[in-house]
Amino acid sequence: MKIILADSAGFCFGVKRATNLAFDAAEQFEHICSLGPIIHSPQVVKKLEEKGIKVIRKVEDIDHGAVIIRSHGITAEELDIIHDRELKIVDATCPFVKKAQDYATMLCNEGYSVVLVGEKDHPEVQGIISYTRGGEVFVVADCKEAQRLPNRPKLGIVAQTTQSFKNLQQIADICLGKSKEVRIFNTICDATSVRQNEARKIACEADLMLVVGGFNSANTTRLAQICQEIQPRTFHVETVEQIQDGWFEGVECVGITAGASTPRWIIDQVVERVSDMSK
């Protein structure tokens, strides 16, 4: 059985940076926590907890020590509280996420209504909205929602960093019919685009696709959706234990990709498991 492993599988720059900062901070500070999970990988979060980094869900529950700002960023209101309490900050926000925050803020300051392409309940999206400080922001997940947008004199478009370029492009096309003036900032992470394009190519060749990563990871879920559109025999797994032998009946070529927050050791376990089945 042939195995095609995506070159782009695993940690992206932002996740690698965030985890390195977190492990270094664990050595530096006696009392340290992260506001929400640093990345969307339960396995990595568990390893960080073993190093003494507790995940705290509410900023109000942090009254001393150091706090790590997760890779997805936090809200402006949460950051205000952290500053007010004079907590030490380890900022692990992905630079691409910060760029999306800055563009959304700039657009609102210049009088644009912002169309944010993304998932309304995702922490990254909630963070981006908050930095506009009450500006008009419409969160749209797909073309259907974009069709319902009201007309506005000026529209500015930004995207959650893990969105597909195709989705951004289609929504932008609809927005062109909603306003006389439209500004578009492609805030999709470069690594996301590379990963998605590579997944498409592999899915065209493979008889079965395995997409490895946290079930709570937006970019991994999107990878699975992209692969599923091309290769219906696509399975999203978080760990090697979830792989079932019955999936591989009649399969000659297996494609494997992984989300941006999937550690290498989990990918290696999946590759080893599939290799063992072909012996």
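Backbone N, Cα and C atoms are what each Cβ position is placed from, and that goes for glycine too.
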Given that Swiss-Prot lists His40, His122, Ser217, Asn219, Ser261 as binding isopentenyl diphosphate, which residue among His64, His72 does it place in the same site? His72
Whole-Å Cα distance, His40 (isopentenyl diphosphate binding site) to Cys189 ([4Fe-4S] cluster binding site), is 16
Using the centroid of the Cβ atoms of Cys12, Cys94, Cys189 as reference, list every other same-chain residue with Cβ within 8 Å of it (recorded [4Fe-4S] cluster site), in sequence order. Phe13, Gly14, Val15, Ser71, Pro95, Phe96, Val97, Thr161, Thr162, Asp190, Ala191, Thr192, Ala260
Around the dimethylallyl diphosphate site recorded as His40, His72, His122, Ser217, Asn219, Ser261, what other same-chain residues have a C-beta within 8 angstroms of the site's C-beta center? Ile39, Ser71, Glu124, Thr162, Gly214, Asn216, Ala218, Thr220, Gly259, Ala260
Which one is it: of the recorded positions His72, Glu124, Ser217, Ser261, whose Cα lies the shortest distance from the Cα of Cys12 ([4Fe-4S] cluster binding site)? Ser261
Spacing of the two Cα atoms, His72 (isopentenyl diphosphate binding site) and Thr161 ((2E)-4-hydroxy-3-methylbut-2-enyl diphosphate binding site), in whole angstrom, works out to 9
Please report the distance from the Cα of Cys94 ([4Fe-4S] cluster binding site) to the Cα of His122 (isopentenyl diphosphate binding site), rounded to the nearest angstrom. 15
